[in-house]
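Trainee: Annotations for this protein, taken from Swiss-Prot, read as follows:
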- ASN84: N-linked glycosylation site (CARBOHYD)
- ASN109: N-linked glycosylation site (CARBOHYD)
- ASN121: N-linked glycosylation site (CARBOHYD)
- 306-343: region 'Disordered' (REGION)
- 1-24: topological domain 'Extracellular' (TOPO_DOM)
- 73-183: topological domain 'Extracellular' (TOPO_DOM)
- 228-249: topological domain 'Extracellular' (TOPO_DOM)
- 25-45: transmembrane segment (TRANSMEM)
- 52-72: transmembrane segment (TRANSMEM)
- 184-204: transmembrane segment (TRANSMEM)
- 207-227: transmembrane segment (TRANSMEM)
- 250-270: transmembrane segment (TRANSMEM)
Amino acid sequence: MATLGHTFPFYAGPKPTFPMDTTLASIIMIFLTALATFIVILPGIRGKTRLFWLLRVVTSLFIGAAILAVNFSSEWSVGQVSTNTSYKAFSSEWISADIGLQVGLGGVNITLTGTPVQQLNETINYNEEFTWRLGENYAEEYAKALEKGLPDPVLYLAEKFTPRSPCGLYRQYRLAGHYTSAMLWVAFLCWLLANVMLSMPVLVYGGYMLLATGIFQLLALLFFSMATSLTSPCPLHLGASVLHTHHGPAFWITLTTGLLCVLLGLAMAVAHRMQPHRLKAFFNQSVDEDPMLEWSPEEGGLLSPRYRSMADSPKSQDIPLSEASSTKAYCKEAHPKDPDCAL
């Protein structure tokens with residue numbers, strides 16, 4: 001105790017964990033901040049265009065956030081099982097636990113939670129990630145996990161995804177992750193271009209880019225499904241149970257967002273051909289139905305509404321020279337202060 005300054009020794013407690021993936025949390029916060037910013041300026045928009053504008057903003061932000069979120073999500077293929085299994089190597093102790101497996105585009109996430117959490121005089125609550133993204137070495141991460149002495153269920157599932165595993169899950173999911181991620185990045189770029197074009201008087205091309213956004217998302221799902229079905233399923237035995245995987249939330253969110261983009265793109269293309277003026281009105285753009293109609297300041301015109309087209313006049317605007325001189329003389333005699341006579 002003297003070496004500690006006559007104080008009790010301090011042992012660090014368990015590290016606090018964030019309730020969700022920090023990358024996904026950052027993406028959600030960015031888009032929520034953008035949505036809050038648009039809502040703040042919403043009262044400055046008058047008329048029915050306010051609701052149309054809010055609908056466009058919410059839909060666009062949802063599509064962009066969904067594309068980015070699923071690209072970094074670890075829930076493309078998920079599975080969970082409750083079983084009794086061995087705990088650690090060189091030990092005959094068994095535990096009752098919930099074991100979860102989440103496979104993403106860039107790696108796997110393995111969870112082990114005891115039921116109850118307190119067993120064998122310790123807290124059984126593990127959440128380990130092993131990645132194979134560009135610049136990462138999955139084999140090295142697995143070797144470090146062996147050195148740390150992680151529980152047997154975590155090491156067993158992680159070993160199934162190593163490059164040398166006979167299951168072939170590493171090549172299968174790594175290939176699927178690379179191609180799927182590439183398609184999603186292209187879809188995100190198409191979404192950016194769609195937003196730019198929809199803010200310009202080229203709405204039909206914005207609809208085409210929105211259609212391309214949905215097509216690339218559906219292609220991403222196709223690549224993921226094809227790559228993950230190249231090899232036969234590898235059984236994952238944990239104690240007396242078998243862990244089975246299935247498509248996770250990220251897969252279904254991508255499918256929903258892709259179909260939504262395709263439907264919106266097709267709807268805009270049809271509306272541009274059938275009802276172009278209503279489409280422009282929905283996007284709060286000028287509706288130039290007839291070039292002979294009067295100009296309005298709200299439609300981007302430079303003239304006041306009191307200036308009308310020559311077509312609105314029942315008579316020709318060309319006045320003969322003799323009539324003009326007589327009219328001028330009448331003005332000087334009867335209404336000398338009339339502003340029209342001053343012209």
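Positions of Cβ are set from backbone N, Cα and C atoms, glycine also.
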Trainee: Could you tell me which three-state DSSP class ASN84 (N-linked glycosylation site) falls into?
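Mentor: The residue in question, ASN84 (N-linked glycosylation site), is strand (DSSP, three-state).
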Trainee: Which whole-number value in Å describes the distance between the Cα atoms of ASN84 (N-linked glycosylation site) and ASN109 (N-linked glycosylation site)?
Mentor: 20
Trainee: In the topological domain 'Extracellular' (228-249), how many residues does DSSP put in helix, strand and coil?
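Mentor: Split into helix, strand and coil, the topological domain 'Extracellular' (228-249) gives 2 helix, 8 strand, 12 coil.
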Trainee: Report the same-chain neighbours of ASN109 (N-linked glycosylation site): residues 6+ apart in sequence with Cβ closer than 8 Å to its Cβ, ordered by sequence.
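Mentor: Within the chain, ASN109 (N-linked glycosylation site) has Cβ neighbours under 8 Å at SER74, LEU101, GLN102, VAL103, ASN127, GLU128, GLU129, PHE130.
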Trainee: Within 10 Å of the Cβ of ASN84 (N-linked glycosylation site), how many other Cβ atoms are there?
Mentor: 13
Trainee: By a simple count, how many Cβ atoms lie within 10 Å of the Cβ of ASN121 (N-linked glycosylation site), its own Cβ left out?
Mentor: 5
Trainee: Report, as numbers and ranges, every residue of the chain located at least six residues beyond the transmembrane segment (250-270) whose Cβ falls under 8 Å of a Cβ in that stretch; write 'none' if there are none.
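Mentor: Apart from its flanks, the transmembrane segment (250-270) reaches 59, 62-63, 66-67, 69-70, 73-77, 104, 184, 187, 191, 203-204, 206-215, 217-218, 220-221, 224, 279.
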Trainee: Does DSSP give ASN121 (N-linked glycosylation site) helix, strand or coil?
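Mentor: In the DSSP reduction, ASN121 (N-linked glycosylation site) maps to coil.
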